[in-house]
Amino acid sequence: MKYLRFLMLLNFDNINLHYYQQFRYLLYQKREENYKEIQYYGNQFEGFQSFSYIRFNLLITKDYSQQQLILLIVITYKQLQFNMLASRSDSQLRSLENPDKQTMRGESSKRSDKLLEIPRKKLNMRLYTEQEQKIQNLINSKTVTISIIALVGIYAILIFVIVALEELMDETQFNNVSVILSWIELGILIVFILEIAVGLYAWGVMKYYKDKWLILDTLIILLSLFFVIFELADQKTSNVVKVIQAVFRFLRIFLLIRKAQTFRRLSTMSTISTPAEKIVRFLSELKEVIELESMKLDIDYCIDKIGNNQLYQMGKLDDDNAEAMGWLNQSQQGKSSVRKIVTVEQQQQQKKVLANFQRLNIPKRVLELLDKQHDDLYIDPFECDKLSGGEGLVYLMLFLFENYNLYDVFLIKPKVVRSYFEEVMRGYQDNPYHNRVHAQDVAQTCNFLLNRCKFIEIGQLDEQDIACVLIAGAIHDYGHPGLTNAFLINSKNELALTYNDQSVLEMFHPSQCFKIAWTNQKANIFESLTFQKYRRIRESIISMVLSTDMAHHASELAITNSRVAAPDFEPYGKDKQRLMDLVVHSSDVSNPTKSFEIYKQWTERVLTEFWLQGDKERELGLPISYLCNRYTTNMAEAQLGFIDYVVKPTFSCVQGFLPAFEPYLENLDKNKAKWQELVGYYKQQLASIQTQ
């Protein structure tokens, strides 16, 4: 979707509305019945000079189908690109090059009608008429879906009734009753046939049968219809036919499963309360059906721009978009002048905690460090790990459980918590980056956001919520092999096969940590919880760990930004879990917000881990992942992109609902400036490596 990126980022002071009028004319030629709608929107926006503003208003004010919407954007982009090409600079032309290496210069020589044919062929789409769209909306409506599911339920009962009566009655009695049941069955099957026919008309054969199960669905219904008609025409059927009928009756039960899945998808769709959320949802769904990787990257870019409210900013096409896309698809992750203000209430709490810590057997020096800096962004995790003899994660969690009175909430003793987090700590491998120190660092940063930035107060978190955030931070990378999801998928690793290539590691981490509790009674921190409390805690922890998957970073951040800006935003209500997810996710990528000395250590560690993966990919003949090539990756430039495209947008969103974080944002600019000074140094380092 490079065309969508182009429209959102380029703003011309005196754009010639002839391009937009020409777009309307071109679309009119493609689909005549849509001309009135396009003409209306064109008249509405003729007063605006920003083409991106025109295009986005068109997106959010009209419910086009996916194919129709893509084609609108493609045609606009191609026509604008064709006419504006001569005025662009060489650097901007390079930015506009397509992923397939077909340059703008080559495209500019083509006829405009050729340009219009490219997207249709490339995306394999067609425009739907207004009537087809109405039918699609009707079929997708909750009323129709529930009705079909109810009908399938009745049909399933009917099948079991037929089978039961056949066993209980003699042949004569059953034949009399079966005639009535067959007519009922025939009526239901006709309704199913009509549903399929209407669906084929509304979406077309290729689109409707993209789900291969629907082919089996249609085949079963048609054959069932044939056997019912055959039975009504001649009741003296052979034993072979009766056996085939029985098999098909049970095969029809699969209809119930398919319809139930459709309803479940419908019922789990969240209500979208803002136009921006609607567009983000649309783009996220669109990404799932597009196969071209370059388009997926561009969709991520668009989601990021919408989510960070950068849609209407004056700007230009930059040359480092590939770097931004790499960060959106890679799993990675200056001491400020902010003063620590300790209230009287906090001092009293600290005294209470210290008085109770004797029973926790935490070393004195570690306890003193945690007492002073347990909610400080600038605590040194490496020093804490050194003082604790490698058990910093365990001592931190013991301290925090005491600090928040979580032992009483979970109805457990400190030794159970110690046993559990000792098992968790042992599960972290000795990777350069994804290790026990990283887990401790993320859990402690979560506590910083909870306490120092007052998320506990703003989100009205109870003790269970606090425990969920802290536990999620501690376990979020348990058992991490030091390899990315992409590597595991490409190498057909057992984990990727187990979790079906979906958030592989993020699925694996909480799964193993819950197994620790339920396979070791001495370490089961959940044992005394009621079923309802355990269910709530489990769902919350899993949600937060899944939120650390960078594959969903752009879309989820965009939706959260939209929710924070929405008039019905409820950090203590319906938006609480989403914000808890972001607290853990932001803590996972928080290194650039900390002192440069600590940040640089983490950077060297994570790139070392990436480069080890790159060596394995080179050895196995796999594509080398982004940032994983030790011979081409400039450490400083990589961090500039990480700050600009991941960390700054993330913590800008955090600051939106946690205003107390605002003073810490300046650390990003300070650390970025230091990396910029080091770009030349790392270029020389790369050059020396490449010449060896």
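For all residues, glycine too, the Cβ spot is worked out from N, Cα and C.
Going by TrEMBL, these are the annotated features:
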DOMAIN    342-682  domain 'PDEase'
ACT_SITE  His434  active site, proton donor
BINDING   His434, Asn435, Arg436, Val437, His438, Asp477, Asp588, Gln639  AMP binding site
BINDING   Asp477  Zn(2+) 2 binding site
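Sequence features, as recorded in TrEMBL, placed on the structure.
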residue: His434; record: active site, proton donor; Cβ neighbours (10 Å): 26
residue: Asn435; record: AMP binding site; Cβ neighbours (10 Å): 21
residue: Arg436; record: AMP binding site; Cβ neighbours (10 Å): 26
residue: Val437; record: AMP binding site; Cβ neighbours (10 Å): 21
residue: His438; record: AMP binding site; Cβ neighbours (10 Å): 24
residue: Asp477; record: AMP binding site; Cβ neighbours (10 Å): 28
residue: Asp588; record: AMP binding site; Cβ neighbours (10 Å): 25
residue: Gln639; record: AMP binding site; Cβ neighbours (10 Å): 27
What whole-number Å value do you get for the CA-CA distance of the residue listed as 'active site, proton donor' and Asp588 (AMP binding site)?
11
Average the per-residue pLDDT over the domain 'PDEase' (342-682) and send me the rounded value.
93
